[in-house]
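Annotation source TrEMBL lists transmembrane segment at 12-32, 39-59, 98-131, 143-162, 168-189, 217-235, 278-297.
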Amino acid sequence: MKQKFKIWLMAARPFSLTASIIPVTIGAIFAAKESKFQFIYYLISLLAAVLLQASSNMINDYDDFINKVDTKESGSSSGIIFENLLTSEELLRGRRLVLALGCILGLFLAFQKGVFILILGTIGALSGYFYTGKPLILKYRGLGAPLIFMIFGPLMTLGGYFVQVQRININVLLLSIPIGLLTTAILHANDIRDIYHDKKAGIKTLSIMTGKTNACYIYYGLVYLSYISVLAMTYYRVTPIWSLLCLITLPTALKNINKLRISNRSNSKLATLDQETAKLQGQFGVILIISILLSTIR
């Protein structure tokens with residue numbers, strides 16, 4: 001039983017789940033500055049977001065396997081199917097269960113907090129499916145990066161905020177920008193690593209469309225703009241002065257950038273760049289959350 005749980009946890013790609021945890025938490029904590037913080041609704045919204053992301057990770061693994069985009073040699077999936085830990089059909093059934101649980105929680109929140117939550121949840125669920133699902137297969141058309149930014153930036157941050165206060169705040173949308181950029185960088189690092197295999201599979205990603213050199217520049221831009229946006233928001237008092245603590249993570253960001261810069265000499269440097277970028281996003285996000293919490297102390 002314990003071993004089976006570990007397998008399903010691997011299928012959910014736990015290293016990537018900060019992509020949903022951070023924006024939902026930022027939205028909820030920002031709402032706490034204006035209103036009372038409803039912890040139970042925060043937990044429900046957080047769990048719903050994590051379940052929806054996990055289900056998307058599973059269906060992406062399934063679709064990439066079925067469409068022969070991922071192979072044993074590419075090493076770009078969770079490896080669950082190729083290591084014979086789960087069959088493709090087991091993964092598909094598990095994904096349906098995880099998605100159903102996420103949708104149930106989403107419907108509960110919509111019933112309690114308003115139809116806007118239902119709209120956000122529906123957009124998120126459909127985007128997760130059509131990321132690699134037919135007929136849109138957005139990832140294979142070079143639209144993966146903007147879609148990831150939208151979901152894990154504005155959509156989830158606004159969702160976490162709206163659950164608490166039932167209104168929209170432009171500052172929350174601005175606050176979602178740095179996290180959305182870093183989350184997009186996770187995907188982009190993955191796409192740069194997989195350029196050869198994706199091209200061989202006949203799909204188009206942003207990295208393939210721009211070429212590796214330009215794709216590297218896009219990665220640099222995503223990371224640098226995350227810090228620049230925090231500096232700008234601090235200057236214009238959208239975020240508290242404490243948010244400058246995010247600069248503590250800059251050495252990690254520069255380390256990742258340097259790893260990508262020298263990847264032409266050693267492609268093995270790219271093997272874990274997506275996971276290293278996920279760590280950066282998590283560290284950056286946690287510090288941003290702490291900075292918002294510190295600003296609530298009177």
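In case you wondered, yes, glycine gets a Cβ from its N, Cα and C as well.
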Checking distant contacts: for the transmembrane segment (217-235), what same-chain residues at least six beyond its ends satisfy Cβ-Cβ under 8 A?
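Apart from its flanks, the transmembrane segment (217-235) reaches 174-175, 177-179, 181-182, 184-185, 188-189, 192, 206-207, 210, 241, 243-244, 246-247, 250, 253, 256-257, 260, 277, 280, 284, 288.
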Grab the same-chain neighbours of the transmembrane segment (12-32) for me: Cβ-Cβ under 8 Å, and only residues 6 or more beyond its ends, written as numbers and ranges.
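Same-chain contacts beyond the ends: 42, 45-46, 49-50, 52-54, 57-58, 78, 98, 152-153, 156-165, 169, 171-172, 175-176, 179-180, 183, 186, 275, 278-279, 281-282, 285-286, 288-289, 292-293, 296.
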